[in-house]
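Report on the structure given below.
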Amino acid sequence: MGEFNEKKATCGTVCLKYLLFTYNCCFWLAGLAVMAVGIWTLALKSDYISLLASNTYLATAYILVVAGVVVMVTGVLGCCATFKERRNLLRLVSRYFILLLIIFLLEIIAGILAYVYYQQLNTELKENLKDTMIKRYHQSGHEGVTNAVDKLQQEFHCCGSNNSQDWRDSEWIHSVEAEGRVVPDSCCKTMIERCGKRDHASNIYKVEGGCITKLETFIQEHLRVIGAVGIGIACVQVFGMIFTCCLYRSLKLEHY
């Protein structure tokens, strides 16, 4: 009877090891996806970060990159651990569980940050976007803001934070460098040199809500992606932690 139970336990352990191996292969791919979303955010979706007052959006992207790298490393280690000798396996499984828990917490943090910032974004933009645009546009040391504003207005076909009248308060518009412009050239439907001297609707973009609504929608859509990826992969990891706990218990029973 004791021999039967031992064989049953060994069979269960082998099954758990193969399940864990399969899970780790999928886990590695999930880590690649998480890292890709983080890099995508930093490389292609970070043009307007200089227009934001807080660093929360940037922080969520960095957390995803770090979590993705750790997930991929953990996935490889997890695959290797399942083929280790019995005397080493118990120790590796316990360490693997700790790594899973750390990654789980990182991704939950990224998801929560994305959700919280999603709720706060409208207030932040209303309080800061106009001041950023009129005080830093074409000012020395704020080239990033200038490029971001020009790209924002051209890409989303808008002019000013709330409307084109915002530019009347711009420090640059009142300087000699503006050369008589009333809005930046990037407000123009057809962008040519000094086209910003005319602010008629036939010449510049005049959309309801201005650039603030366009930027808010753009960032909120991406925050939804970040939050979904972070929380989604974290939920997948719960299964990995369950498998790991079961394997650890099975190994304990076999007196590894």
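Glycine too: its Cβ is placed from the backbone N, Cα and C atoms.
Beyond the ends of the transmembrane segment (21-42), by six or more residues, the same chain brings 58, 60-76, 78-79, 82, 107, 222, 225-226, 229-230, 233, 236-237, 239-240, 243 to within a C-beta distance below 8 angstroms of the stretch. The transmembrane segment annotation in TrEMBL covers 21-42 (among others).
Away from its own ends, the transmembrane segment (62-84) comes close to residues 17-18, 20-21, 23-25, 27-28, 30-39, 41-42, 92-93, 96, 99-100, 102-103, 106-107, 109-110, 113, 226, 229-230, 233, 240 of its chain (Cβ-Cβ under 8 Å, at least six residues beyond either end). Sequence annotations record features per position, and here TrEMBL assigns transmembrane segment to 62-84 (among others).
Annotated transmembrane segment per TrEMBL: 96-118 (among others), in sequence order. Long-range neighbours of the transmembrane segment (96-118) within the same chain, counting only residues 6 or more positions beyond its ends whose Cβ lies under 8 Å from a Cβ of the stretch, are 34, 54, 56-57, 59-60, 63-64, 66-67, 70-71, 74, 77-78, 81, 220, 223-224, 226-228, 230-231, 233-234, 237-238, 240-241, 244-245, 248.
The feature transmembrane segment is assigned by TrEMBL to 225-248 (among others).
Long-range contacts of the transmembrane segment (225-248) within the same chain, counting only residues at least 6 positions beyond its ends with a Cβ under 8 Å from a Cβ of the stretch, are 13, 16-17, 19-20, 23-24, 26-27, 30, 33-34, 37, 41, 60-61, 63-64, 67, 71, 78, 90, 93-94, 96-97, 100-101, 103-104, 107-111, 114-115, 118.
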